[in-house]
Amino acid sequence: EDCIPKWKGCVNRHGDCCEGLECWKRRRSFEVCVPKTPKT
């Protein structure tokens, strides 16, 4: 199964984002795969 590219929805598929991406809940919106932010 293909991974989910950047800015595409990942609702109910939190583990399916492509490498380097993470599922993020946008405010007043749905969950999308976004580039992982460095944890500082």
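Cβ atoms are placed via backbone N, Cα and C, with glycine included.
The disulfide bond annotation in Swiss-Prot covers CYS3-CYS18, CYS10-CYS23, CYS17-CYS33, and the record cites experimental evidence as its basis. The site 'Key residue for interaction with ASIC1a' annotation in Swiss-Prot covers TRP7, TRP24, ARG26, ARG27, ARG28, PHE30 and rests on experimental evidence.
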Q. CA-CA, which of the recorded positions CYS10, CYS17, CYS23, ARG26, PHE30 lies nearest CYS3 (disulfide bond)?
A. CYS17
(Q) Excluding near sequence neighbours, so keeping only residues 6 or more apart in the same chain, what lies with its CB under 8 A of CYS23 (disulfide bond)? (A) CYS10, ARG13, HIS14, CYS17, GLU31, VAL32, CYS33, VAL34
Q | Pairwise Cα distance for TRP24 (site 'Key residue for interaction with ASIC1a')/PHE30 (site 'Key residue for interaction with ASIC1a') [Å, integer] | A | 8
Q) Cα distance, CYS18 (disulfide bond) to PHE30 (site 'Key residue for interaction with ASIC1a'), nearest Å? A) 18
Q: Work out how many Å separate TRP7 (site 'Key residue for interaction with ASIC1a') and ARG27 (site 'Key residue for interaction with ASIC1a') at their Cα atoms, rounded off.
A: 14
(Q) Using a 10 Å radius around each Cβ and all protein chains in view, which of these recorded sites has the most neighbours: TRP7, TRP24, PHE30? (A) TRP24
Q: Quick one: of CYS3, CYS10, which of the disulfide-bonded residues has the smallest count of other CB atoms within 10 A?
A: CYS3
Q. With every protein chain in view, how many other Cβ atoms are within 10 Å of the Cβ of ARG27 (site 'Key residue for interaction with ASIC1a')?
A. 4
Q: In whole Å, note down how far the CA of CYS18 (disulfide bond) lies from the CA of ARG28 (site 'Key residue for interaction with ASIC1a').
A: 23
Q) Which residues, sitting 6 or more apart from CYS18 (disulfide bond) on the same chain, put a CB under 8 Å from its CB? A) CYS3, ILE4, PRO5, LYS6, CYS33
**Q.** ARG26, ARG28 as recorded sites, winner by CB count within 10 A
**A.** ARG26
